[in-house]
Amino acid sequence: MHLHGTSQINAAGRLEIGGCDTAELAARFGTPLYVFDEALIRRRCREFMDAFRATGLRFQVAYASKAFCVMAMCRIAEEEGLSLDVVSDGELYTALRAGFPADRIHFHGNNKTPEELEMAIDAKIGCIVVDNFTELYMLNEIAKEKSARVSILFRVTPGVEAHTHEFISTGQTDTKFGFDIGNGSAFRAIREAVSLSNVDILGVHSHIGSQIFETDGFKLAADRVCDFAQNVRKELGVTFPVINLGGGFGIRYTEGDTPLPVGQYVQAITDSIKAKLAEYDYPMPEIWIEPGRSIVGDAGTTLYTIGSTKDIPGVRKYVSVDGGMTDNPRPALYDAKYEAFLANRANDPSEETVSIAGKCCETGDMLIWDLELPKTKPGDLLAVFCTGAYNYSMASNYNRLRRPAVVFVRDGEADLVVRRETFEDVAGKDVVPERLRKQAVAKS
Ligand SMILES: *Cc1c(COP(=O)(O)O)cnc(C)c1O
């Protein structure tokens with residue numbers, strides 16, 4: 001059994017996170033419940049920051065807030081000195097409302113609306129990561145109308161695609177994101193931007209994938225981005241003050257996952273960039289990265305209450321919990337694997353292999369297909385680990401389930417950071433047109 005961060009089994013044989021007994025958390029806040037180990041989030045932030053500090057370079061670590069974007073998390077990112085990536089007006093709104101410094105916010109996305117660009121310019125955020133030509137021209141026009149200057153990065157596709165252990169070097173990347181380096185579109189974008197009146201070129205950005213366990217993909221991407229930077233400098237006389245190599249650093253969901261220590265990714269990226277740019281005698285830019293999953297993923301645990309079971313002799317035993325694809329869509333979306341155990345009886349030996357089902361009306365609503373557990377009873381608590389990233393942020397109201405609460409735990413204290421949804425949250429936005437309203441039946 002692998003315990004993350006401050007998680008441990010207490011004297012009562014129950015899972016404890018951040019010094020809080022999970023059975024008590026479940027009783028106090030209800031289930032399903034997302035529990036975040038605040039000390040572990042902060043440790044992950046510091047691992048990235050310390051690794052960069054050790055290089056002596058100028059840098060920014062931008063938390064990719066789409067992994068888990070709530071105001072309390074924005075506060076932690078700020079306290080730890082991170083910057084913040086947003087990809088929508090809603091995420092930008094959340095960050096600003098949390099008081100996150102606008103000049104450390106970066107806006108991503110392949111289809112930012114005019115309203116989103118206006119909002120970003122009005123808020124004076126740090127930079128906009130321009131994804132395509134439509135956006136480039138539109139952004140310049142909007143900035144012009146507002147007599148504003150906007151710092152921009154260009155999202156480029158270096159022809160490297162990385163997945164966990166493999167990376168693929170592709171000539172031309174078939175992706176909806178960014179300007180291709182290989183086919184010359186990235187170069188044309190910079191050339192165009194040079195002639196635009198209200199944008200300032202800050203540099204280039206590349207993001208090669210997610211849940212990556214090796215450094216080779218990052219090194220190759222760094223090489224290609226640096227080659228591109230040198231080409232741009234030679235041909236256009238533009239020198240980039242920033243190179244951003246994105247996120248995608250892997251975490252351990254199950255024992256099959258073997259992430260590297262954070263420092264090794266940072267080292268590989270900065271070493272590659274340094275070496276390549278030294279060849280070109282290119283002034284060392286600020287290096288940015290954008291971890292999402294690796295900041296919050298393993299700090300999150302979801303607590304569920306076990307309800308019904310269905311035993312099909314010789315086939316499978318289904319054990320159902322009070323959440324499912326609504327609070328964790330990743331198994332259904334990506335066939336993602338998770339580890340779990342009984343939080344209220346953590347020392348009990350495993351007796352059988354069961355499958356953990358969610359409560360939604362979908363055959364595919366399964367959280368874990370094969371899990372060794374003690375014989376369970378209704379009311380037992382199941383803890384599913386590593387649910388901090390892309391769970392709450394991807395949660396839905398399918399079947400009109402209410403989205404769970406989120407708590408941060410640390411030093412024996414639990415703080416609510418998102419309250420559980422109410423029925424009013426679920427149905428209160430509905431509008432019934434006059435003609436469909438229930439009429440009082442006239443009695444004769
Ligand atoms: C999603 C994303 C990230 C974060 O990816 P993780 O795998 O969560 O680290 C960083 N940058 C960009 C541009 C992204 O789209």
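Glycine residues also receive a Cβ, built from the backbone N, Cα and C atoms like all the rest.
Positions annotated as domain 'Orn/DAP/Arg decarboxylase 2 N-terminal' by TrEMBL: 40-296.
The N6-(pyridoxal phosphate)lysine annotation in TrEMBL covers Lys66. In this structure, Lys66 (N6-(pyridoxal phosphate)lysine) is part of a helix by DSSP. The number of other Cβ atoms within 10 Å of the Cβ belonging to Lys66 (N6-(pyridoxal phosphate)lysine), over all protein chains shown, comes to 21.
Neighbours of Gly248 (pyridoxal 5'-phosphate binding site), defined as other CB atoms within 10 A of its CB across all chains, total 25. TrEMBL lists Gly248, Glu290, Pro291, Gly292, Arg293, Tyr390 with the feature pyridoxal 5'-phosphate binding site.
Per TrEMBL, the feature substrate binding site maps to Arg293, Arg330, Tyr334, Glu362, Tyr390. Within 10 Å of the C-beta of Tyr390 (pyridoxal 5'-phosphate binding site) there are 23 other C-beta atoms, taking all protein chains into account. The DSSP secondary structure for Tyr390 (pyridoxal 5'-phosphate binding site) is coil.
If you look up TrEMBL, you'll see Cys361 marked as active site, proton donor. In the structure as shown, the Cβ atom of Cys361 (active site, proton donor) sits within 10 Å of 8 other Cβ atoms.
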If you skip the near sequence neighbours and keep only those at least six away, which residues in the chain come within under 8 angstroms of Glu290 (pyridoxal 5'-phosphate binding site), Cβ to Cβ? Val61, Ala62, Tyr63, Ala64, Asp85, His106, His207, Asn244, Gly246, Gly247
Just name the winner among Arg293, Arg330 (the binding-site residues) by count of other CB atoms within 10 A of its CB. Arg293
Where does the mean pLDDT land for the domain 'Orn/DAP/Arg decarboxylase 2 N-terminal' (40-296)? 96
On a simple 10 Å Cβ count over all chains shown, which one of the binding-site residues Pro291, Gly292 is most densely packed? Pro291
Cβ-centroid neighbourhood (8 Å) of the pyridoxal 5'-phosphate site, Gly248, Glu290, Pro291, Gly292, Arg293, Tyr390 excluded: Ala64, Ala67, Ser210, Gly247, Phe249, Ser294, Ile295, Gly297, Ala389
